[in-house]
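The block underneath contains the structure these notes are about, expressed in structure tokens.
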Amino acid sequence: MVSIKVSLADFIVKTDEGWIPSDNCPALDRFKTKTEKELLDSIKREGADRASIRKQLFLTPISNKRLTQIGGVPVRDIRTSTTIPSSTRNLITDWLLNIFNDEESGEEVENAIASKYPDIFCSADKISRVAQRLENRRDRVHEDGFRILSATMLAIDSDIATEGKCEIVRATEDAIIAKFEPVSEHLCIGNPRGVFYKAFPIKKEQPMVYGIKALLGISNRDFIMNHGHGHLRTVPYSEINNAIRSFAKKNEAEIKRIRSDSLSPNAGEKFINMCDMLLQKEKIETIIAKIMKNDKN
């Protein structure tokens, strides 16, 4: 099982009057606007850029026949069946509505989704950790929502200010290291992840010498991965299987880009070997077995 995803459409939908909360009512799926029908037809074609079409569907006002007493029903192709705790749903929905319905920046947000966001699907774990920040009324997440959303959706590289809830545990000359505790049960989407750490370089494109030594020491030499978003992340041994399977879903060009990224050598030989094995089309089970065998204490 790979990482769980949620969609922005699980929380909000667009209408002719603005953005409103999402609702789930399969009985109303039959009602679609002409534009929605055209986009849904195009998403089924061979070679279609499904992520781009999903973004268009998300930014298209829904049929007014799919309005309920709670909100609006997104088309099936842009929503997920992921179970989202009510606390997380309420926090994220209100946060997104404030961002998207803002008179000054709402249009900019929609333009960014169309041109810069890779998709409207994102990590459920990331969303859960944003919800943790939203519980704190003094957190900057309330004022800097657009930038934090962009980092959550992988449209920009994240940093300490735009990450989900975490604690800074170490700072070296070349890196800042943050600790990510398991998400609180009432906010957690899916199974909770173990403790992990991220190292953020002080200067981009510059190797982290002292930071990596600190990261290895703090994490008890956990497997380290570079996902190509400007930082390195540790992976607990029990989660390596899922982490590699999720990474393997990236296309070949993306894996090559990450393999040659300036941070990748800092992740260590095992990570480089994993990238090479994926590019050589080795069986995923073989890759996982080799990495996990080498990673045992």
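Even glycines carry a Cβ here, placed using N, Cα and C.
Residues or ranges marked as ATP binding site in Swiss-Prot: Asp119, Ile120, Phe121, Lys198, His227, Gly228, His229, Arg233. Around Lys198 (ATP binding site), a 10 Å sphere centred on its CB holds 23 further CB atoms from the protein chains shown. In the three-state DSSP scheme, Lys198 (ATP binding site) falls into the strand class.
Below 8 angstroms of C-beta separation, residues 1-3, 154, 157-159, 169-170, 172, 175, 177, 179, 193-201, 204, 254-255, 257-258, 261, 263-264, 266-268, 270-271, 274, 278, 284, 287-288, 291-292, 295-297 of the same chain, each at least six residues beyond the ends of the region 'RNA-binding' (212-247), sit close to that stretch. For 212-247, the entry in Swiss-Prot reads region 'RNA-binding'.
Sequence annotations record features per position, and here Swiss-Prot assigns active site, for NTPase and RTPase activities to His231. Long-range Cβ contacts of His231 (active site, for NTPase and RTPase activities) within its own chain (separation 6+, distance under 8 Å): Asp157, Ser158, Asp159, Lys198, Ala199, Phe200, Pro201, Leu263.
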Same-chain residues at least 6 apart in sequence whose Cβ lies under 8 Å from Asp119 (ATP binding site): Ala51, Arg54, Lys55, Met153
Chain-internal residues near His229 (ATP binding site), provided their CB is under 8 angstroms and they sit 6+ positions away: Leu154, Asp157, Ser158
Among His227, Arg233 [binding-site residues], residue with fewest other Cβ within 10 Å: His227
Conformational class of Phe121 (ATP binding site) under the three-state DSSP mapping: strand
